[in-house]
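Asks: In case it helps, Swiss-Prot gives these features for our protein:
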type	residues	note
BINDING	E116, D117, I118, V119, T120, T121, G122, L123, S124	5-phospho-alpha-D-ribose 1-diphosphate binding site
BINDING	T120, R148	orotate binding site
Amino acid sequence: MKTDEVLGIFREAGAVLEGHFILTSGLRSPVFLQKARVFMHADKTERLCRALAEKIRAAVPGKIDYVVGPAIGGLIPAYETSRHLGVPAIWVEREGGEFRLRRFEIARGARVVIVEDIVTTGLSIRETIECLRELGAEVVAAACIIDRSAGKTHVGVPLIALAEYEVPAYPPDRLPPELAAIPAVKPGSRNI
């Protein structure tokens, strides 16, 4: 699946929003990809995650034991992608501000792929990698539906993106005047 097809699915779902948004990374952007509007449609989610699973299968040699999703944004794509890979899906969730594997056990040496929804800075993936490595897992790759950095984000393992879509993102103290003139909204899920 090509980037224009992925963005077409997001547009069909009304998930490409324009305005002034505070991203979960803290950066500001004139475009927000509201993936919840896509993930509420099982058919659209299935198409995206099937294509992502195919990319993962082509890029990751050897066995994958688990797909791990960082809660909340990675839950649905991790689950659906794992279904297409034929492996269990588990997730990490925040406890005291840090990701923890609370509801599952993972064997030392288990080969895992982290699946996230949208990557901007890669912080959630890096935090998930740290959590899983502390438990002895081998993180062989990370994957996402959309990489907003267009390949510029490094997470410490190969990052497999179904689509790369570079959208401007600015620190709050360096906003262009046209963006600064619009009231900011914070639609993300980091603090959930």
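Numbering starts at 1 and runs along the chain as displayed.
Cβ coordinates come from backbone N, Cα and C, glycine included.
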Asks: Rank the binding-site residues G122, S124 by how many other Cβ atoms lie within 10 Å of each Cβ and give me the one with the fewest.
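Replies: The binding-site residues G122, S124 were compared, and G122 has the fewest Cβ atoms within 10 Å.
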Asks: If one looks at the chain holding I118 (5-phospho-alpha-D-ribose 1-diphosphate binding site), which residues at least 6 apart in sequence have a CB under 8 angstroms from its CB?
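Replies: The answer is L33, K35, G73, C144, I145, I146, D147, R148.
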Asks: Would you count the other CB atoms within 10 A of the CB of T120 (5-phospho-alpha-D-ribose 1-diphosphate binding site), including those on all shown protein chains?
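Replies: Taking every protein chain into account, the count is 22.
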Asks: Give me the non-local Cβ neighbours of E116 (5-phospho-alpha-D-ribose 1-diphosphate binding site): same chain, 6+ apart in sequence, Cβ-Cβ under 8 Å, ordered along the sequence.
Replies: G69, P70, G73, G74, P77, A78, S124, I125, A142, A143, C144, I145
Asks: Suppose we draw a 10 Å sphere around the Cβ of R148 (orotate binding site). How many other Cβ atoms does it contain, all chains included?
Replies: 26
Asks: Per DSSP, E116 (5-phospho-alpha-D-ribose 1-diphosphate binding site) is which: helix, strand or coil?
Replies: strand
Asks: What are the other residues, in sequence order, whose C-beta lies within 8 angstroms of the center of the C-beta atoms of E116, D117, I118, V119, T120, T121, G122, L123, S124 at the 5-phospho-alpha-D-ribose 1-diphosphate site?
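Replies: For the 5-phospho-alpha-D-ribose 1-diphosphate site the neighbour list reads T24, S25, G73, I125, C144, R148, T153.
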Asks: When DSSP states are folded down to helix, strand and coil, where does R148 (orotate binding site) land?
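Replies: Going by the DSSP assignment, R148 (orotate binding site) belongs to neither helix nor strand, so it counts as coil.
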